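Chemist: Sharing a structure, written as structure tokens. Questions coming.
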Amino acid sequence: MRRASRDYGKYLRSSEEMGSGPGVPHEGPLHPAPSAPAPAPPPAASRSMFLALLGLGLGQVVCSIALFLYFRAQMDPNRISEDSTHCFYRILRLHENADLQDSTLESEDTLPDSCRRMKQAFQGAVQKELQHIVGPQRFSGAPAMMEGSWLDVAQRGKPEAQPFAHLTINAASIPSGSHKVTLSSWYHDRGWAKISNMTLSNGKLRVNQDGFYYLYANICFRHHETSGSVPTDYLQLMVYVVKTSIKIPSSHNLMKGGSTKNWSGNSEFHFYSINVGGFFKLRAGEEISIQVSNPSLLDPDQDATYFGAFKVQDID
């Protein structure tokens, strides 16, 4: 009995020594060290994500409206008025011409009340869709990015358009007479005329970006005997490409061309064409205009009298 007691005591001491060894793991509750908070995404990634979600929201809203109009037209084509179609067209034109400052273009003030309400409803639908996609907490900071035009955020995600312009003469506003005048009425969106990232204001083409530009002008003069006799026997038919600076009021002739013609003969028809072009360094805010002599003899066709510019490269 005593021997058994001693053996049991040795067993207990041996168990205690083995349990206190460094190799035995702790059996109590484990408390892992708190992990460091995840770093916040960089602003650029957050902005890119928001722009992507914005594009998704815009696409979903536009598709929904298109499907609504389609099925509505299928059910009753007479229910969709031409006013609704014109409103969509005018709203799109308003934002397409946002970079132009000519008073003849579409502007917020020229929209009728019905179109303005449609624009506001569309804007509200886009904002609601974005809030549904990104959540109310993340959307709370979005209005700061959506200040100004309701399509500004979408435009910011696009690369800036290369500046160019091709302008054709407005035949209804050609001055009369034989004296030298500045042509102040050009088309920018009719026929072959087009403009992008440049401004047409009071007949002058304004540069919005510094750079090297290629400028060109083609002016045609013509006269038919049915139009009566020419003012004089000898005509000086000239064209001038003029640069004007707004910051420092001054004007300089960049190019000119022309000739003196005798149109007093027995010919039934007279025609003369002038074409000039060249590279020039232009600064933002400078304006290009066209001056001609004998404006009453101008050929009003879009393939005869026009001028334009396009950016070739940046200024180093």
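Cβ coordinates come from backbone N, Cα and C, glycine included.
Quick paste from Swiss-Prot:
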- 1-16: compositional bias 'Basic and acidic residues' (COMPBIAS)
- 163-312: domain 'THD' (DOMAIN)
- Asn197: N-linked glycosylation site (CARBOHYD)
- Asn262: N-linked glycosylation site (CARBOHYD)
- 1-42: region 'Disordered' (REGION)
- 1-48: topological domain 'Cytoplasmic' (TOPO_DOM)
- 70-316: topological domain 'Extracellular' (TOPO_DOM)
- 49-69: transmembrane segment (TRANSMEM)
Chemist: Counting Cβ neighbours within 10 Å across all chains shown, tell me which of the glycosylation sites Asn197, Asn262 comes out on top.
Modeler: Asn197
Chemist: If you average pLDDT over the topological domain 'Extracellular' (70-316), what do you get?
Modeler: 79
Chemist: Provide, as an integer number of angstrom, the distance between the C-alpha atoms of Asn262 (N-linked glycosylation site) and Asn197 (N-linked glycosylation site).
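Modeler: Between the alpha carbons of Asn262 (N-linked glycosylation site) and Asn197 (N-linked glycosylation site) there are 42 Å.
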Chemist: According to DSSP, which kind of secondary structure is Asn262 (N-linked glycosylation site) found in, if we only use helix, strand and coil?
Modeler: strand
